[in-house]
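One structure below.
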C-alpha cells in the first residue's frame, strides 16, 4: 500500500470527485467493450484501472493469453463464467483481475467487510494465488488474507473481520464461518473456485455445500480449471443458471485438439510392477542434469522411495512432498524446489494441480493415475506458458490397454519408448540389505506395499486396474521385503467415508460434537493403567483382607450397635391366607416357557397395536386398501405423482424450517461468543490499555513475512501479561520531594477558631515564634 499524503478538506474533496469520475468512465468503457471487435493482445487494451495496470507491468505481465482474452471482459461485465483451458495458460490472472476491478468499481473499503472469496483445493495452490495477488494488487488499498490448515487459528480469527479478499482451503474457511465471530459473508460480491472440478467432487462435497449455504445468492461466481465439470447437479449447487462458457470446447470436446500443451512431449513405457523402482532409479541416474517431478499414488510410497534412494545416492538432490508433512516443511520444500536447477522431487497429487514450478524438464508418473483428468493435471507441471517439457508414465501390462483407450478419448496419444537393457540397473539387493539393517526402513516398506495395494483395490475403473492380477510376492521382493505383508481390506462404504474425513477439518469434527449452547462435550476415555497402578490396586487375600477386617470390626462393636435398627412398634401381623395366589409354574418346562418371549408369542400370538376413532371403534395403525378400493381413487401413476408432489412440498417446507433453526442456532452461538469476548475485553481494559494491531494490506511484504508474523503472534498470544513492577531503587529526587512535603506538614499549626481578643493575641504570638 502506497504511503498516504495529508490533504486539506478542499483537496480531499477534489480527489474524491476525480476518483468518482474515473470509476464512471471505467464502467462506461466496460459496458461498451466488445472483445470480438477489440481483439486485445495486451493488458493495457482491456478496460481496467491504472492501479491494476501498474501492478501487472511491475510483475512483468504484459501480453494476454487466450483464456484471459476471452474470460476477463465477461467477468468485468458481471457474468458468471465457467472457464477451462490447458495447464499453464494463465487462469490465475483470469480471475484475480476481475476480483480487484469489481471491488475497485464498488469503492470497497475496510468497513464493507469481505468482498471476494477465493477457494482452492490445496494449501500450496492457495499460497501461490496469494503471492500473485500481492504482486498485481500492491497499488490498491484492499486488504487480503490467506487462511489454510497448519497455521495459527487464533491469529487468523483476530484479523479475518477486516479482510476484503480472502483466499483459503474449504476446510479452514468453513471452520472460520462456524467459529469466527466477526466473519460476515452477507455482503460478498464474488465467489471464485480454482480447480473447480476438484472442489466439487465427493471429497469436498459436504464442506463446499455448507460454505455455499452461508453465501448470498446475488453473488457473481467464477469457475476455472484445466478439466472442467459441466454436470448440471454441480452447477445447480452453485446457483449457476445463466453462465458463460469460456475456452471449454478445446478441453472437453472429443473432436477438438489435445487437452495438454502442444509443446509437451508425452511418452509411456510398459513396465512390470516389480521392475518399477529399478527403472526409476536407472532413469534418475541417466538424467542428473535435469529437473524432475516423480508422482506416486500415496504418501507412504513417497516417504519410502525418498528414504531408500537417499541412502543409495543417485547423484542428484532429492526432495519429497506429501500431505502428511507439516505446513512449514511443505512450504520450505516448495521454495527450494522452485529455486533449484537440478533436483528430483517425489510427490503425491498434492502438487498436481495449479502449482507453477519454473523450468521442469521431466514429469514421471510411476503409478497410473486414477483417471485422465489427473493425468492431464500431472503432466501440466511441465511445458508451462509455451515452454518445452517432457512426460513419462509407467504402465503395467494389465493397465496399458485400458488406460491408453481412456487417453484417446481426450485426443492424447503418448508415444511408446523401449528400455535399453544396458542402462537398466537392479537395486533389489541394495534394498534388501538396507531393510535388513534398518527396521524403520522395513516398516516404511511394509506401509508402502499396503498403501499401493489398497489404492488399486479402491479404484473404480476396473477395466484399467486389476486387483486380482497384482503379483504380491514379486512386488514385495522388489521393495526389499522378505515376504508380502497381510492386508485387511475394508468395504467400499468405509473407504468413501475415509476419503470424506480426509478433507474435513479436525476442528469441524470437534464442533460437530458440541451441544446447543456451543460447548464441546469431552468423551471420558478410560485412562491407561500401568503396571504400577495395578500393583497398588492389589488386595490382600489373607487375614489382612478387607472381608476379614470387616468381620472382626463388626464383632468388636457388637455391644455398641446393639440397639441400632430395631423394631420399636408392630402395627399388625401379615396373614399369609389373605395374600393372592399367583400363577406359579408347576414344572421346569412351564417355568422356561414363561421366561421365554419367543415361546409366549408362539402360544399367544403377536401383539397388535390399534387406534380408536371418535366413535370408539378400534382400527389397526396401518390400514391397507384392497386393489378394488385403490383403483376407485384413479390411475396409479397419477396417485403416485400426487403423493410424490405432496411429500416434496412437505419436505421443502420442513427443509426451510430446519435451515432457519440451524441459522438461528449459529447466530446464537456467535452472539454468545461475542458477548464472552466483550466481557473479556472489558476486563482487560481495566488492567491495561488495549493495543490494536494494523491490518496487513496488499503489498506489505512477502508471503513468508506474513506467515512469520503469524507465527510470532502465536507465541506472543500465549504469554500472559505481567503486572507492572515497581522500581527496586527509588530515585533520589523523589526522596527529596517526599522530605519537603513531610516538613511542610510538620509546620502546619492546628488551632481552634479565636473567640476573644486574648485568643487573637496568643495566636499572633505563636505565629511570630514559629
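A Cβ is built for glycine as well, from the same backbone N, Cα and C atoms used for every other residue.
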Exercise. Swiss-Prot lists motif 'Q motif' for one of the ranges 12-40, 41-69; which is that range?
Worked result: 41-69
Exercise. Which of these ranges is annotated region 'Disordered' in Swiss-Prot: 576-595, 596-615?
Worked result: 596-615
Exercise. According to Swiss-Prot, which listed range is motif 'DEAD box': 190-193, 194-197, 198-201, 202-205?
Worked result: 194-197
For this session: Could you pull out which residues elsewhere in the chain have a CB under 8 Å from any CB of the motif 'DEAD box' (194-197), counting only those six or more residues past its ends?
Result: 91-92, 95, 118-122, 125, 129, 223-229, 353-354, 373
For this session: Enter the number of other CB atoms within 10 angstroms of the CB of residue 85 (ATP binding site).
Result: 25
Exercise. Against which stretches of its own chain does the region 'Disordered' (596-615) lie, if we need a Cβ under 8 Å and a gap of at least six residues from its ends?
Worked result: 621
For this session: Taking the Cβ of residue 88 (ATP binding site) as the centre, count every other Cβ atom within 10 Å, in any protein chain shown.
Result: 23
Seminar exercise, completed: Residues sitting within 8 A of the centre of the 85, 86, 87, 88, 89, 90, 91, 92 CB atoms (ATP site), not counting those, run 65, 67, 226, 384
Exercise. Within the chain of residue 91 (ATP binding site), which residues six or more apart in sequence place their C-beta under 8 angstroms from its C-beta?
Worked result: 67, 83, 85, 194, 224, 225, 226
For this session: Select one residue from 87, 89, 92: among these binding-site residues, choose the one with the most other Cβ atoms within 10 Å of its Cβ.
Result: 87
